[in-house]
Amino acid sequence: MAKERIVLPSAEFKKNSNITLKDYKSLYKESIENPNKFWAKEANRLTWFKKWTKVLNHDFKNAKVEWFKGGKLNVSYNCLDRHISTPLKNKAALIWEGDNPSESKVLTYYDVYREVNRFANVLKKYGVKKGDRVLVYLPMIPELAITILACTRIGAIHSVVFGGFSPEALQSRIDDCKPKLIVTADGGFRGGKPIELKRNVDIALEKSKEDVKTVIVVRRTGNESGLVWKDGRDYWYHFLISDPDLSPYCKPESMDAEDPLFILYTSGSTGKPKGVLHTTGGYLLGVNLTFHYVFDIKPEDTYWCTADIGWVTGHSYLVYGPLSNGASSVMFEGVPSYPDAGRFWDVIDKYGVNIFYTAPTAIRALMREGLTHVQKRNLSSLRLLGSVGEPINPEAWEWYFKIIGKEKCPIVDTWWQTETGSIMITALPGAIPQKPGSATLPFFGVQPVLVDNDGKEINDKGEVSGNLCIKSPWPSMMRGVYGDSKRFFDTYFSQFKGYYFTGDGARRDKDGYYWITGRVDDVINVSGHRIGSAEVESALVENRSVAEAAVVGFPHDIKGQGIYAYVTVKEGIATNDTLKKELVAIVEKVIGKIARPDVIHWAPSLPKTRSGKIMRRILRKIASGEFEGLGDTSTLADPSVVQKLIEDKRKFHS
């Protein structure tokens, strides 16, 4: 392995940080040794209508967990009501930036409160009650945040479906969660192009076995040509919310801490969507506490998480974490490349963003564009950077740190999952020294362990690798797969008894820092040696010609598995044998000869989901010469990428 660099927080950041290293160590110790005491104290960060009867009740072996049972609270009350009787009433809650740079809007806490109350009453008027599901299929506009907060106000369970998903993907989610009502828009904009939404809902409902009686439509594009309207089912949002007879106040429903809050679907390996179910009290406490410490939030900060609310990052760190802390949260409808590759930097400059949280995929794409766009903008307001979604390779980390953060902004490289609800392993800026590429140390209450394939904990000192599991419950963890308790147990608790299995592999270094090596099915077993795909990818992108790389295993006659690398080069770089040799050499240098790629496949681009994750399942099949039965590809941003890779592979074979 290359020598690890340690980056210390600056003296100034350290001085003003929300937590010190000493406090982190003592609080972490308490959170593991006495979780009941620790979480009872931290739960006071929220406003409760009634105190719980017991902090924690669990049987991890049988996947049973309850936090704050009997405690009563309401999420929208914690995000809105408790702020509007304070000076936060007129503070910006949501700063909305449209796809087109000419469109923007600022909503104060009172603005959001007023709109949420009115829309909650609309939902009630159309028969939505506590426990009913509301499916939300909207672009990144303020009404999306307003809708989910209105659901929480009346105790309805929201299920947000990313606006880029197809009618088929939408239908499968409708069939699974059986919504009482759907909220959508006439359409949306993404990268200057219109996107279909209402039409997709119409198609999905036509094919669905569910009889959804009400569809509420937000006017976003104003383009009604081709819009099919079903009287008695379809209603305009703006007409309903501006009804003069609508009460301006909706009393927040008193919810048990364990009442369901939302369902969020993730891709399952079987192709059937997996509805991750989160509950009210533990989830809200998890996102509230992590937001405060991980992002070192201050009252005057402007914070921007670039994620879509269709993904868990948008739920936790665009809406619920920031608003429950009384922060100002930027909400962006567009893409980083429109109208040009300087758009992210424009938004930071325009709003004086202090904290910026984005994905390595975006960082690598912007890195590929060079410095021109960055140098034209003023990024001096930034004081903290974050990364989410996948491990960030050290080269991208260094670029982010030096070019965007000007070597003064710590980077929080956060590891967590849709299933965990909130950040699990991370640096705490100002307290914990960072190592580029490492997710760092566990957050309070999180007890990660590495286990071998027989389920035995690996407790050796020094550097070790294994399957990343969590040993004990944490408040924001998922409570089930919606409507399928067997699948919940089988997926997360059956492989290693008594542990929550994350599905990821990791190594722990001599300092206790965790390095995520990729999904366990992304671990390649070469001649009995376990090679993490993320490690090989990191080595490949150290070469200045490489923009991005994805590495998978494929059947090898001698080694069992060989290493197959898909490599995308930067603009203007020629692909040739000389570059191939350089790439093999750099992998040998950084990891060792055992990790040298057997095949380098030049890829103009990689197949990604709309949230930016590389679909490795498809890459593995292509590498193995399996071109049929690629499984569910409905989440792909650009299906033509797959076709091109298959054509290239066929040529390579012939």
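Placed from the backbone N, Cα and C atoms, the Cβ positions cover glycine too.
Annotated CoA binding site per Swiss-Prot: Arg190, Gly191, Gly192, Lys193, Thr313, Ser527, in sequence order. The C-beta environment of Arg190 (CoA binding site), restricted to residues of the same chain at least 6 apart in sequence and closer than 8 Å, consists of Asp99, Pro139, Gly163, Gly164, Glu333, Gly334, Val335. A strand conformation is recorded for Arg190 (CoA binding site) in the three-state DSSP classification.
Under the heading ATP binding site, Swiss-Prot lists Gly389, Glu390, Pro391, Asp413, Thr414, Trp415, Trp416, Gln417, Thr418, Asp504, Arg519, Arg530. With a 10 A radius on its CB, Trp416 (ATP binding site) counts 26 other CB atoms from all the protein chains.
Summarising the annotation, Swiss-Prot assigns Mg(2+) binding site to Val541, Val546 and lists sequence analysis as the type of evidence. Val541 (Mg(2+) binding site) falls outside any helix or strand according to DSSP and counts as coil. Here Val541 (Mg(2+) binding site) comes close to Arg364, Asn393, Glu395, Ala396, Ala547, Glu548, Ala549: these same-chain residues lie at least six apart in sequence, with C-beta atoms under 8 angstroms from its C-beta.
Long-range Cβ proximity for Lys613 (N6-acetyllysine), meaning a same-chain Cβ under 8 A and a gap of 6 or more residues, is found for Thr361, Gly389, Glu390. Sequence annotations record features per position, and here Swiss-Prot assigns N6-acetyllysine to Lys613.
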**Message:** Using a 10 Å radius around each Cβ and all protein chains in view, which of these binding-site residues has the most neighbours: Gly191, Gly192, Gly389, Pro391?
**Reply:** Pro391
**Request:** For Gly192 (CoA binding site) and Pro391 (ATP binding site), determine the Cα separation and express it in whole Å.
**Result:** 30
**Request:** Tally every other Cβ atom lying within 10 Å of the Cβ atom of Val546 (Mg(2+) binding site).
**Result:** 24
**Fill in**
The rounded CA-CA distance in Å from Trp416 (ATP binding site) to Gly191 (CoA binding site) is 28
**Asked** Taking the Cα atoms as reference points, how far is Val546 (Mg(2+) binding site) from Pro391 (ATP binding site) in Å?
**Response** 17
**Message:** If you compare CA-to-CA distances from Thr414 (ATP binding site) to each of the binding-site residues Gly191, Lys193, Thr313, which comes out shortest?
**Reply:** Thr313
**Asked** On a count of neighbouring CB atoms within 10 A, which of the binding-site residues Lys193, Arg519 is highest?
**Response** Arg519
